[in-house]
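Have a look at the structure below before the remarks.
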Amino acid sequence: MAKRDYYEVLGVSKNATKDEIKKAYRKLSKQYHPDINKAPDAAEKFKEIKEAYEVLSDDEKRARYDRFGHADPNEAFGGGFQGGGFDFGGFSGFGGFEDIFETFFGGGSRRRASGPRKGADLEYMMTLTFEEAAFGKETEIEVPHEETCDTCHGSGAKPGTSPQSCPHCHGSGQVTSEQATPFGRIVNRRTCPVCGGTGRHIPEKCPTCGGTGHVKKRKKIHVKIPAGVDDGQQLRVAGKGEPGVNGGPPGDLYIIFRVQPHEFFKRDGDDIYCEVPLSFAQAALGDEIEVPTLHGDVKLKIPAGTQTGTRFRLKGKGVPNVRGYGQGDQHVIVRVVTPTKLTEKQKQLLREFDRLGGETMHDGSHGRFFEKVKKAFKGET
């Protein structure tokens, strides 16, 4: 099946900025992550989203993709011996030009399938409260992974037996064939289909691991989450992925954070936003109110005549920057609440206020009137 357009996969335009691409990736990767989405095609969609992001987030890869699409010669031909933008390893129809160079130069540039390889990376989705993301925490997580089988010590063979050289490839991990072409006879080398390139054959497999040399287990990992992580961000824990193959280094663990929304606060970067309601009297006459922050309640002076939508900044009351570059602020946005149920006395006072001309009133008698309004709205006599 033909690959979908990467821009279409992420749901962005071809002129999308890096930030727009990153935001789309975070949203979709969270939506289709197999740990959260149990749909049958979730894993495949997640893989497709990740592949699209890896290309479009890299300026060089994106430029090639915009020019060639999925037919990019550097991508399609597998990244082997490259010259002038072409990879000779991709011409399988001609019997493999890569093998010509291996024949002439002894295969020095070829990595054997049985050589050391880095272990696979693991992903773990972690849910944090709003406060945990802001202040960080230390915790232990359990991650499913593969470990060396204790029964066979990684050999894959039944105790008392041992792996033997593959009879098909004679331990080389590759099979050789010759092919006649218009250019002459070409030698082809391919991964051995019997041993999968390991060069080994296990006559009697380990009953515990079934010959793989590894068993699935859950391991506990101590993780220190830095203060200031945001929804969709990742934390790389080096060396905590799957074990390496044939002596290679282990993979890495990537922790993807999912931050729960807060009932009062909203976050944008390192800044926090909240709305506070004010009564008509508080907005008109001014007041001192207490505003909740992540660091505790603080007093905020509301000047007389404050309007709905007025924003106040509480410096340094936001979220710490995850890279240690200071602290965000908290923005308090005022919403003046219009009363819906008024007593007769309150209605009379408001009518009197309207007759007196609203904001054109400045003398002392009008100040006393405002005090009456304030008391009436507070239920005082």
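Quick reminder: no glycine exception, Cβ is built from N, Cα and C everywhere.
Values in this document were obtained by computation on a predicted structure and should not be read as measured data.
Annotated in Swiss-Prot:
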DOMAIN    5-69  domain 'J'
ZN_FING   136-218  zinc finger
BINDING   Cys149, Cys152, Cys206, Cys209  Zn(2+) 1 binding site
REPEAT    149-156  repeat 'CXXCXGXG motif'
REGION    154-174  region 'Disordered'
BINDING   Cys166, Cys169, Cys192, Cys195  Zn(2+) 2 binding site
REPEAT    166-173  repeat 'CXXCXGXG motif'
REPEAT    192-199  repeat 'CXXCXGXG motif'
REPEAT    206-213  repeat 'CXXCXGXG motif'
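Structural mapping of features recorded in Swiss-Prot.
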| residue | record | CB count, 10 Å |
| --- | --- | --- |
| Cys149 | Zn(2+) 1 binding site | 19 |
| Cys152 | Zn(2+) 1 binding site | 25 |
| Cys166 | Zn(2+) 2 binding site | 21 |
| Cys169 | Zn(2+) 2 binding site | 22 |
| Cys192 | Zn(2+) 2 binding site | 22 |
| Cys195 | Zn(2+) 2 binding site | 24 |
| Cys206 | Zn(2+) 1 binding site | 22 |
| Cys209 | Zn(2+) 1 binding site | 22 |
Tally of residues which DSSP labels helix, strand or coil - the repeat 'CXXCXGXG motif' (192-199): 0 helix, 0 strand, 8 coil
Nearest-integer angstrom distance between the alpha carbons (Cα) of Cys169 (Zn(2+) 2 binding site) and Cys206 (Zn(2+) 1 binding site): 23
Whether the repeat 'CXXCXGXG motif' (166-173) meets the repeat 'CXXCXGXG motif' (149-156): three or more C-beta pairs under 8 angstroms: no
Counts by DSSP class (helix H/G/I, strand E/B, coil) across the zinc finger (136-218): 0 helix, 39 strand, 44 coil
Counts of helix, strand and coil residues, the domain 'J' (5-69), according to DSSP: 46 helix, 0 strand, 19 coil
For Cys149 (Zn(2+) 1 binding site), the one of Cys166, Cys192, Cys195 that lies nearest, given that the binding-site residues are compared by Cα: Cys195
Pairwise Cα distance for Cys166 (Zn(2+) 2 binding site)/Cys206 (Zn(2+) 1 binding site) [Å, integer]: 17
